[in-house]
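Asks: This is the structure I want to talk about, given as structure tokens.
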Amino acid sequence: MACAFSGSSQCLRQTNLVTASLRATRPSPYAYTPQFHSSSTAAVGKASDLVITPRTRPGHPQLSCCTRCPSAISRSRTQSFSSSFPRRSKTYQTVEQAKARNKLGPFSWPAGILFLLAGVGMTFYFRSEKERMQRKRIAEMTKGIGKPKVGGEFELVDQDGRRFTSEDMTGKYALIYFGFTHCPDICPEELDKMAGMIDRVKQRAGNVLRPIVISCDPARDTPAVMKKYLDEFHPDMIGLTGTWDQIKATCKAYRVYFSTPPDVKPGQDYLVDHSIYFYLMDPDGDFVEAIGRQFSADEAAKLICDHVGDWKGKLDKN
Amino acid sequence: MGWLPFSGGSSNQGPRPSSDGAFEAPGRDQRAHCWEARDEYFRCLDRHDIIDSIQDGKKAAATCSKETLAFEQNCATSWVKYFKQRRVADAKKAATLRQLEAEGAGQIPAAEMERNKRASVA
């Protein structure tokens, strides 16, 4: 029993001794910190000596930090130059290089050029995308329920006397103009412009456009008169005419105003008032956009080609 | 008959009947002759400060007799009337524009108007 007592007291004393000796070799944990920085080898040596201590005193922040990974400390010492990019192990040959690097910071010529190029590219992309969305909105304004309907079914006769209906119009884009052959000045000008549009669109987008001229003056514009008249403008043009009622119905569908009286005598001289828009219809036969007189042939052709480029469905190019 | 004017003058071809009975429309050459005669006639009117040649018909016919005859011979009657009316409308338009400009209005190019239209749609 006494042995047990003495033994236990001895044990106690021994532990005290151990702690005392530990304190002797390591007067204060803070005393090590300057040593670590003054010499990395010394720090590594000391730290490895003290590997056991975190187990006995795990709560001490200073020690656990130092002993966690002594090799990391020595590594971080050598890398203190490139503090902003810790992962980069670039070393500089000369002081000038380092100075130049510091002067520009993280920026360099390639980075600047890349930045500018990306900016210019994004600007162009967003602009074209915005224009495309606007065209899409215009094109889709007339599709769907509750939208104004321009165009529709018609049944007329072409310049060779063949039947031509709205069904024959689909498959390609159609450019429709309403006019009459005895038109003093505006129609011939517009038809010359239409010929320019046909050639330009054909050149840029292929054979995707069906140009149609519908007469608002059925009494005088027979198929033969239309044929003779349109031959002077463009061979691709399809000239449509019909009875007064057929023309009236077609003009109504296209919201075209026309003033031809229903009962004119042969050879009578008169003029017809009518709307002077080009109607662009998509391959489904739906109205896309009205092209007014303010457009030049070039501008109108560009507009048509842009719409053609937007078209996702089937398109007859033959 | 309205088409008689075509039978005289430099074009010297009346409205020929087409293969299916109707009369052919004036062709490119005939239109060119008509426009030429019209421009000549309007230049004469400009020299004598006549804008409305329908209202001042007698004065116009007296001062520009040669041009009036050529104009009426080369263009259909309906065209003559139309061009005379258009001249008056154009003069009024020009006067309005001048007045607006004097009041400090600026002109908006067609392309810009189109852009504005599209922007308002978007």
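For all residues, glycine too, the Cβ spot is worked out from N, Cα and C.
Found this in TrEMBL, in case it helps:
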- A:107-126: transmembrane segment (TRANSMEM)
- A:Cys183, A:Cys187, A:His274: Cu cation binding site (BINDING)
- A:Cys183-A:Cys187: disulfide bond (DISULFID)
Asks: Given a separation of at least six residues and a C-beta threshold under 8 Å, show me what packs close to A:His274 (Cu cation binding site) in the same chain.
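Replies: A:Phe178, A:Gly179, A:Phe180, A:Cys216, A:Cys251, A:Val256, A:Tyr257, A:Phe258, A:Ser259 - these are the non-local Cβ neighbours of A:His274 (Cu cation binding site), listed in sequence order.
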Asks: For a quick check of packing: other C-beta atoms within 10 Å of the C-beta of A:Cys183 (Cu cation binding site), how many?
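Replies: There are 25 such Cβ atoms around A:Cys183 (Cu cation binding site).
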Asks: With Cβ-Cβ distance below 8 Å and at least 6 positions apart along the chain, what are the contacts of A:Cys187 (Cu cation binding site)? List them in sequence order.
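Replies: When sequence neighbours closer than 6 are ignored, A:Cys187 (Cu cation binding site) has A:Gly179, A:Phe180, A:Ile276 within Cβ distance under 8 Å.
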Asks: May I have the list of same-chain residues other than A:Cys183, A:Cys187, A:His274 whose Cβ is within 8 Å of the Cβ centroid of the recorded Cu cation site, in sequence order?
Replies: A:Phe178, A:Gly179, A:Phe180, A:Ile186, A:Glu190, A:Cys216, A:Val272, A:Ile276
